[in-house]
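Have a look at the structure below, then the notes.
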Amino acid sequence: MKDDQLRLTEIFYSIQGESTRAGLPCVFVRLSRCNLRCSWCDTPYSFKGGDKKSLDDIVAQVESYGCNLVEITGGEPLLQPDVHPLMTRLCDEGYEVLIETSGSLDIAPIDDRVRVIMDLKAPGSGEVEKNLWENIAELKPTDEVKIVVLDRQDFDWAVEACREHELFERVDEVHFSPVHGELDSNTLANWILEERLPVRLNLQIHKFMGVE
Ligand SMILES: C[S@@+](CC[C@H](N)C(=O)[O-])C[C@H]1O[C@@H](n2cnc3c(N)ncnc32)[C@H](O)[C@@H]1O
Ligand SMILES: Nc1nc2[nH]cc(C(=O)O)c2c(=O)[nH]1
Ligand code: SF4
Ligand SMILES: [Mg+2]
């Protein structure tokens, strides 16, 4: 087997449900495996299985949708080193490339043309110890930080993390996202408004639409 292969769970074309690109048509490349087990994870099916696919096959499938926006996600996409040549190739070919990552692995090797959407895991995920705080210094102003909030304890943690790490100064966009089906979006919205936070409420719109 050639080394330029990635273990892939799925490639699909849908409406981007999150981030500043929410609402736009997007091709999703979902890589397999994850080093975390967030309590509320919506993609545990990506933890096991998946097929090995060559970069050529992945790029060809992405191309078949005729869509300029591509998101690399998982599972945890940074677990497979060959994700880097894939992203560089997509950038070279003129795609706008996003990566969704947990923030538990080094983001420094990511191609500078890629928009990084990095989670910070709050205590309700059960994975708060995995945050790699050194990553914050690697973020570009155009990257995005997302904190998924389960409850008020997570919200207070998120506010403290933003202040302590000066996230509002470092990146243009900080998203707070309720755990879908667990925390009411109006409750999170009211907390954000009460605290006068310059964060964006991130709802996973694909889940309201009932699509992937
Ligand atoms: C499935 S993860 C894959 C990428 C990477 N492992 C990560 O955690 O960022 C993609 C995004 O979905 C979010 N997510 C997963 N389950 C969720 C849920 N139940 N409610 C809200 N967001 C969720 C994650 O926090 C992450 O921002
Ligand atoms: N429609 C849609 N938008 C998304 N944005 C980020 C996703 C992800 O799982 O990383 C996702 C996803 O799974 N579906
Ligand atoms: S890091 Fe991402 S894929 Fe992994 S368990 Fe957490 S939400 Fe799911
Ligand atoms: Mg998803």
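Note: Cβ is positioned from N, Cα and C throughout, glycine not excepted.
In TrEMBL, annotation is done automatically, which means it is predicted and not curated.
What you are looking at is a predicted structure, and each value in this text was computed from that prediction instead of being measured.
Annotated substrate binding site per TrEMBL: Ile15, Gln16, Gly17, Arg30, Thr73, in sequence order. Summarising the annotation, TrEMBL assigns [4Fe-4S] cluster binding site to Cys34, Cys38, Cys41. What TrEMBL lists as S-adenosyl-L-methionine binding site is Trp40, Cys41, Asp42, Gly75. Residues annotated as Mg(2+) binding site in TrEMBL: Thr43. Annotation comment: TrEMBL describes 21-212 as domain 'Radical SAM core'.
Here the features listed in TrEMBL are placed on the structure.
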{"residue": "Ile15", "record": "substrate binding site", "DSSP (3 states)": "strand"}
{"residue": "Arg30", "record": "substrate binding site", "DSSP (3 states)": "strand"}
{"residue": "Cys38", "record": "[4Fe-4S] cluster binding site", "DSSP (3 states)": "coil"}
{"residue": "Thr73", "record": "substrate binding site", "DSSP (3 states)": "strand"}
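Of all the binding-site residues in the list Gln16, Trp40, Thr43, the shortest Cα-Cα distance to Cys34 ([4Fe-4S] cluster binding site) is found for Thr43.
A Cα-Cα distance of 13 Å separates Cys41 ([4Fe-4S] cluster binding site) from Thr73 (substrate binding site). Surrounding the centroid of the Cβ atoms of Ile15, Gln16, Gly17, Arg30, Thr73, where the record places substrate, the chain contributes additional residues within 8 Å, namely Ser14, Glu18, Cys26, Phe28, Glu71, His206, Glu212. Those same-chain residues not listed among Cys34, Cys38, Cys41 yet with C-beta within 8 angstroms of the centroid of the [4Fe-4S] cluster site C-beta atoms are Leu36, Arg37, Thr43, Pro44, Phe47, Ser102, Ser125, Glu127. Screening the binding-site residues Trp40, Thr73, Gly75 for a C-beta under 6 A from any atom of ligand 3 leaves Gly75.
Geometry remark: Thr43 (Mg(2+) binding site) versus Ile15 (substrate binding site), CA distance 17 Å. Same-chain neighbours of the S-adenosyl-L-methionine site beyond Trp40, Cys41, Asp42, Gly75, judged by a C-beta within 8 angstroms of the site's C-beta center, are, in sequence order, Cys34, Cys38, Thr43, Pro44.
For Cys38 ([4Fe-4S] cluster binding site), applying a Cβ distance below 8 Å and a minimum sequence separation of six or more within one chain yields Ser102, Lys121, Ser125, Gly126, Glu127, Val148. Checked against Arg30 (substrate binding site) by C-alpha proximity, the binding-site residues Trp40, Asp42, Gly75 yield Gly75 as the nearest. Gln16 (substrate binding site) sits 17 Å from Gly75 (S-adenosyl-L-methionine binding site), taking the CA atoms of both as reference points. In this structure, the CA atom of Thr73 (substrate binding site) is 17 Å away from the CA atom of Trp40 (S-adenosyl-L-methionine binding site). The distance from the Cα of Trp40 (S-adenosyl-L-methionine binding site) to the Cα of Ile15 (substrate binding site) comes to 22 Å.
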